[in-house]
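Peer 1: Sharing a structure with you now.
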């Protein structure tokens with residue numbers, strides 16, 4: 001593993017914990033949450049990611065339930081899906097500069113793995129699972145409320161519920177008179193923890209690949225990447 005931009009080497013946890021608003025009692029648990037499976041170490045963050053997915057789904061659902069009392073079940077589900085996603089968790093992870101602390105293999109480092117939404121969002125889930133195991137749901141609620149306020153200028157359906165696939169299709173139809181196509185590249189993992197990798201083509205040219213916990217999530221990630229390329233967003 002390279003040490004470039006890996007703050008575990010020089011300032012292990014203080015800055016990250018300050019940004020998070022929580023200091024881990026068990027630093028090994030924190031380190032595990034930051035360790036991607038590519039490192040081939042005895043402990044990585046996959047199990048914590050599994051737990052964090054469930055914890056965050058509950059906490060965010062509860063926060064939205066109380067905040068948006070006027071929304072029906074359909075609107076609440078749509079809003080939650082915008083946050084409880086690879087793109088949503090990546091946004092929250094970047095709010096605390098989590099990418100700077102990830103432990104990834106040399107090959108992932110070379111391919112900018114620490115910036116990949118699939119890796120970054122999974123690490124965020126693992127990190128919050130660690131907080132839950134040490135401090136419980138109340139602490140997770142408090143942290144998530146702070147992070148949501150920090151990461152989003154406005155937390156409502158209009159500003160959060162973005163359908164990247166539809167936005168991309170409208171753009172490609174206007175510019176190229178074609179619609180994007182999506183293809184399943186890989187499916188792996190047990191039934192309770194599937195990971196799907198999709199590839200997106202525009203005019204038979206590959207524009208993006210992305211992973212997600214469902215085909216729909218992976219397709220949204222692909223569409224988001226393609227929109228960035230087409231609009232020239234860095």
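Including glycine, each Cβ sits where the backbone N, Cα and C put it.
Okay, these came from Swiss-Prot:
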{"type": "ACT_SITE", "residues": "53", "note": "active site"}
{"type": "ACT_SITE", "residues": "125", "note": "active site"}
{"type": "BINDING", "residues": "49, 122, 125", "note": "Mg(2+) binding site"}
{"type": "DOMAIN", "residues": "13-136", "note": "domain 'RNase III'"}
{"type": "DOMAIN", "residues": "163-232", "note": "domain 'DRBM'"}
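If you look at the structure here, what lies around each of the features I listed?
Peer 2: Taking a C-beta cut-off of under 8 Å and a sequence gap of six or more, residue 53 (active site) has these contacts in its own chain: 125, 213.
DSSP assigns residue 125 (active site) to a helix.
In the structure as shown, the Cβ atom of residue 125 (active site) sits within 10 Å of 25 other Cβ atoms.
Here the domain 'DRBM' (163-232) returns a mean pLDDT of 89 for the predicted model.
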Peer 1: Hey, which of the binding-site residues 49, 122 is the loneliest by Cβ count within 10 Å?
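Peer 2: Result for the binding-site residues 49, 122: minimum number of other Cβ atoms within 10 Å at 49.
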Peer 1: Using DSSP, break the domain 'RNase III' (13-136) down into helix, strand and coil residues and give each count.
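Peer 2: For that range the per-state counts are 91 helix, 2 strand, 31 coil.
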Peer 1: For the domain 'DRBM' (163-232), how many residues does DSSP put in helix, in strand and in coil?
Peer 2: 33 helix, 24 strand, 13 coil
Peer 1: Same chain, not part of 49, 122, 125: whose C-beta falls within 8 angstroms of the C-beta centre of the Mg(2+) site? Give them in sequence order.
Peer 2: 45, 46, 48, 50, 52, 53, 89, 121, 123, 124, 126, 129
